[in-house]
Amino acid sequence: MKPAARNIVLPLVCLAALLLVPVFAIDSYTRHLFIIAFLYAIIASNWNLSLGHCGVFNFGHLTFFGVGVYTAAILAKTLGVNPWIAILASGATAAAAAFLIAAPVARLKGIYVVLVTFAFGQLVMQLVLSQAQITGGAEGMVRIPYLRLGDYSFLKDYKLGYYYAALFLLVVSTLFLLAVVRSPFGKSLKAVRDAEEYAAARGISISRQRVTVLVLSAIFTGIAGGFYAIYLRVASPDVFGFGTLSLALSMVLIGGTGTVYGPIAAALALTFATEALAGIRGLEEARFILIALAMILVLRIAPGGLLGIIEKLDFRDRKPAAPAVARNGP
Amino acid sequence: MIDTLIATIVSGLVLGSLYAMMASGLSVVWTTLGVFNFAHGALMMIGAFVAWTVSEAVGLGLLVGVASGTLVAALIGVLIERLLVRPYYGNRNMLLITVMTTLAAMIILEKGAQMIWGARLKQLPRLVDGEISIFSATISAHEAILVVLAPLILLSIWRFNVRTNTGRSLRAVGQNQRSAALIGIDVPVAFAIAFGLSAALAGLTGALLGSIRFITPSMGAEPLVKAMIVVIFGGLGSLGATAGAAYVIGLIEALLILWLGLYWTPFVLFLMMIVVLIFRPNGIFGGRQ
């Protein structure tokens, strides 16, 4: 298969298939799984922008998602803002949060980036827990207003509206990521990852690229968070926990860091896999163990992600794949 | 007023001892291998559960329980090093990969513990009953043991590092693996010892903490996060700085709880940490690298 066919035709075929899914999946549960998978796909592919493409050891990506969740929840429920606007505002607040955390990240190296981004997530979670009168504290917020378009309520038709809205969001986010990655700016990100000193010598500001990439990766993650809150009508501090973090991380790893479509494919596959495992009696907890084992196995045998293996097998006309996992400083 | 302050300082000492034992384990692994072990808190939790099983469920007594908790945690630590860290030595992405593999190990241990021991809250009896008064503040004798034990353990790790050949070999490996190997140090063994020692410390901390707090699968998360704050303040590089930072953080936390209440304290701690990192990227006590 030629690269053009792979880069354009294959994604379009997948998109067409996803557009047709609601025709065959008429029950709201299957559609619900797809919607959640789309949101995870947005989280994972945007995380990959900072982690995989630029090599920023960002372990606070789910914080941007959580900021989005609570922005939409507070705006729509407490302040009575239209849910559509609340979702869009979530992208803005998440980007602002990313800008805040980017200040120390731009100056730090190696393990300290991991620690400070991780701690930032804990900071936001503690803020949410301590401001119980605004955020609902540990219990979270419920009965958040749902989406409407004119007179049409999105609760109708077995989540058909939500399905297409989430898919639309995923498509826009993916186009945005492709545009960023293929732009000169995207190439400079790879330079920062693979040859920091050389990039700096060529006049690329390492700190500025890091700040920019964190803010860009937060926009759609925050919007996905806002959508998540409006769709589930719940906001809970669980989004900041280790569980969500490791699930999203496994999607990035299994899909392949440094690709755009890999984490999206992995998000779809893993959401259905974990959901199927949860249905088997006795595996409700064990499925997280299986995901963790899968992560370890992928790091051991295919550090480029499973998509990396398929690329090596099928598409020999491609250049050797870029270094698999991101690097950050000496 | 003075009474409250003394009580606060004493509770800060208890917290500081706990953090010192956790953070020194992280520091030992970091200085020797250059790996940040995210499973450290989970190892602590395993220590507590094993101690509970041996001493309560099997009924062999608390001391045997604490010893087996420490031992099992150490063994799992060695296993983690062998399976999840060793394959990536020399890999240029080692730091990032081991963050992810130890994160995966944490998930496996936590969920595994939940499947084995269930979600019901458990607690160990105290090593000794009774209370001790220091000036006007009262703490349980068990907490007093923790306060006395922590500096002793830190001192013995320090002496081990400085005075014994094994300890010196760990430091040599930490400074330059190749040169260490050239002068005949078995580098893989040094790595295993560092990981085992660190995990044993975590297990012991967990077994002791199991008498003060409830034993749950996620009990390790909060001490791990606090230990992270400690190592960021102290810098990861030296044991002394880490231990010093642990007590400083313990005292600050106790004072913050007194002034601001339980809710705001963690927030302010994290905020302080981020501010510290902006101005002193290697920690307050950390030197320049």
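In case you wondered, yes, glycine gets a Cβ from its N, Cα and C as well.
As given in TrEMBL:
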{"type": "TRANSMEM", "residues": "A:35-52", "note": "transmembrane segment"}
{"type": "TRANSMEM", "residues": "A:59-78", "note": "transmembrane segment"}
{"type": "TRANSMEM", "residues": "A:84-103", "note": "transmembrane segment"}
{"type": "TRANSMEM", "residues": "A:110-129", "note": "transmembrane segment"}
{"type": "TRANSMEM", "residues": "A:162-181", "note": "transmembrane segment"}
{"type": "TRANSMEM", "residues": "A:211-231", "note": "transmembrane segment"}
{"type": "TRANSMEM", "residues": "A:251-274", "note": "transmembrane segment"}
{"type": "TRANSMEM", "residues": "A:286-310", "note": "transmembrane segment"}
Any contact between the transmembrane segment (A:162-181) and the transmembrane segment (A:110-129)? By contact I mean 3+ C-beta pairs closer than 8 Å, pairs at least 6 apart along the chain.
no
For the transmembrane segment (A:35-52) and the transmembrane segment (A:211-231), does the number of C-beta pairs under 8 Å, pairs 6 or more apart in sequence, reach 3 or more?
yes
For the transmembrane segment (A:110-129): best-contacting stretch of A:59-78, A:84-103, A:211-231, A:286-310, by Cβ pairs under 8 Å
A:59-78
So which of A:59-78, A:84-103, A:286-310 is most in touch with the transmembrane segment (A:211-231), counting Cβ pairs under 8 Å?
A:84-103
Sequence-remote partners of the transmembrane segment (A:84-103) [C-beta within less than 8 Å, at least six residues beyond its ends]:
60, 63-65, 67-69, 71-72, 75-76, 116-117, 120, 124, 147, 210-211, 214-215, 217-223, 225-227, 229-230
